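Trainee: Below are the structure tokens for one structure; questions will follow.
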Amino acid sequence: MKLSSIVVTLILTVGVPYYIYTPLPAAIEDHLKLMLLDALFRAMLQVGDLCQCLGLSHHITVIRGSTLGLGSPGEMAGGQGGGMRVSDVDFDRVPVRVYEPPAAGGGDGGLRRAVMFYHGGGWALGTTSKCVYVYQHKHIYYDVLCRQMSDELNAVVVSVEYRLAPEVHFPVQYEDCLAAAKHFLEPGILGKLSVDPQRVAVSGDSAGGNLAAAVAQQISVDDSVRVKFSVQALIYPVLQGLDLNTPSYQQNHNMPMLHRSMMARFWLLYLGVDTSLHPLLLSPSFLHHPSIPPSVRSHLNWTTLLPAKHIKHYKPVGMEMGSQEVTGQEGDLLPGLLDVRAAPLLAEQGVLSRTPRAYILTCEYDVLRDDGLMYTRRLQDAGVAVSSHHYDDGFHGALSFAHWPFFFDVGERMIRGYMDWLQENL
């Protein structure tokens, strides 16, 4: 064997396992499977970054196309499947996919409940239909999940295809979701779909949970909307971007499937600001800039909002640097992060008190864990009934991995808990 072949073999033998290996807590199942998934996604990101640096394509475009063709028998372009009617239509010029269970629209004469669902993917990835954008196999997962919801709950499910970054930025994604919600909640539309106006949920995961929470807040205070959502179901939602140094961000900064640095990138992409601000967003001093009102900091004060078992040994950091001034591009970043449409956790108590009862799912090994836990506490303080479902062995995106080819048990348990709650509360 030539020396060059030996060197290449040695590099692959040592380098590949080194790239794949990530230390994982004992509580997480199937370490190797999760490490492989995380390594695959990191590789996609790095290839995307390289292409963008070379001026070939935006890194998001590369990620979207990197798994082109990974279709699924469960994903169909509308029509009929097992008695279910699936159609791709527009709600106030926003594309949606509507899942109607058998006999919806009359049949036995009964009204059905409904779920408006917003998919995750960092406001830049993910879809249910039409496109083949992929994030953690989500184009398969979301279609399967929506069909399962419609079937098990005997519900009309509307999955919203809001526009994505980098083609558009905040508040376009939010505005698309709000427009679709208002259209769906019109009595005429609900009547056409045989939906009970007293049993309509809004739901979403990750960035979709962010959009669901923000839309639920706006609908609850908009007196021009006659029909309100009856429940909100948020799955590991991202709810703020001002403090990326909460205990969960510190504990899980390199945890699959959402690293702390990656979440910061998604925020910058969503807000449409320069990527050079990435270090600022991660800085422990950012929350303590003088231009951030004290009332906002109180809504993010995890030392009082989090249970002690989640605070653990972590301490607030960065206060000694709070005298910095915000200038130039830094000032361009703050308006978006302070906007409750992007950061629902910052809403005032008077708004929160009018939102519907909630289901909030959080995972121990997720940078977004504390966002969900703090929102749970703030909603409860505002008098809203909240069912908090925390998974001690959960990680971000686990719900996406309940189906083929992943089969993570924790994902299956999450889906079961989510479905059971909707069955009992919607």
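In case you wondered, yes, glycine gets a Cβ from its N, Cα and C as well.
This is the feature table in TrEMBL:
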{"type": "DOMAIN", "residues": "115-285", "note": "domain 'Alpha/beta hydrolase fold-3'"}
{"type": "ACT_SITE", "residues": "S206", "note": "active site"}
{"type": "DOMAIN", "residues": "339-398", "note": "domain 'Alpha/beta hydrolase fold-3'"}
{"type": "ACT_SITE", "residues": "D366", "note": "active site"}
{"type": "ACT_SITE", "residues": "H396", "note": "active site"}
Trainee: Can you work out the mean pLDDT of the predicted model over the domain 'Alpha/beta hydrolase fold-3' (115-285)?
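Mentor: 92, rounded to a whole number.
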Trainee: Express the distance between the Cα positions of D366 (active site) and S206 (active site) as a whole number of Å.
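Mentor: The separation of the Cα atoms works out to 11 Å.
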Trainee: Taking only same-chain residues 6+ apart in sequence, whose CB is under 8 Å from that of H396 (active site), what do you get?
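Mentor: S206, Y236, M255, P256, M257, L258, C363, Y365, D366, V367, L368 - these are the non-local Cβ neighbours of H396 (active site), listed in sequence order.
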Trainee: Run through the Cβ atoms and count how many others sit within 10 Å of the one on S206 (active site).
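Mentor: Result for S206 (active site): 31 neighbouring Cβ atoms inside 10 Å.
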Trainee: Have a look around D366 (active site) and count the other CB atoms within 10 A of its CB, chains all included.
Mentor: 27
